[in-house]
Amino acid sequence: MVKLTAELIEQAAQYTNAVRDRELDLRGYKIPVIENLGATLDQFDAIDFSDNEIRKLDGFPLLRRLKTLLVNNNRICRIGEGLDQALPCLTELILTNNSLVELGDLDPLASLKSLTYLSILRNPVTNKKHYRLYVIYKVPQVRVLDFQKVKLKERQEAEKMFKGKRGAQLAKDIARRSKTFNPGAGLPTDKKKGGPSAGDVEAIKNAIANASTLAEVERLKGLLQSGQIPGRERRSGPSDEGEEEIEDDTVTNGS
């Protein structure tokens, strides 16, 4: 493992990404703890912490400029309190493929008032009953959850389920937090699917090149790694009418 130092931050790749944001690339260093980010001097719109060994999402200084945080493929099992004090403008948070287990572990995200794009895919918590409605109720500012746009009907269902004394008790009952973390506990054990063909790989690469948000780029990279092809993902069902719906539930545009 590598300690995140001011020297590492200075040496890491820094560039203007596909959506014209200034990005700091800290992926793949096996960093265990987020620290020393004051050395960035708040000069970045996006920071990529993918493919590290981070267990807790905290340790941020005040970063007013930061809008996008990519933390997929880590070991995150806890989310620190008071993230809004450090990251007041965070709009995109990608936590795909981590170790979040309990619904209550997601509660600190409610403080991030600017958060509109959130991915918690491939975390054990997504298998919990009422997972999606719970997140929609607790973090109502999120417009896109797990690359699926939040529908008006879902907001109404979440409000109905968790409102009042009975709803508050239900939320309390299902929202216990993790007390301990056992490495590997609760993680999926499914066998990997076969890889895509050369033509499929090219199709995904083209889709990545045309992506309009970092979140969409990360989703497409995940498809490439898992052998899925854009346009062949399983649909969640027929679309219902509503002011927050789009024709295709899978979000491909950050607008």
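Each residue, glycine too, has its Cβ placed from N, Cα and C.
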- With Swiss-Prot open, pick whichever of Lys67, Lys149, Lys172, Lys205 is annotated N6-acetyllysine. Lys172
- Helix, strand or coil: which one is Lys172 (SUMO2 cross-link) in, per DSSP? helix
- Task: Measure from the Cβ of Lys172 (SUMO2 cross-link) and count the other Cβ atoms within 10 Å, all protein chains considered.
- Result: 11
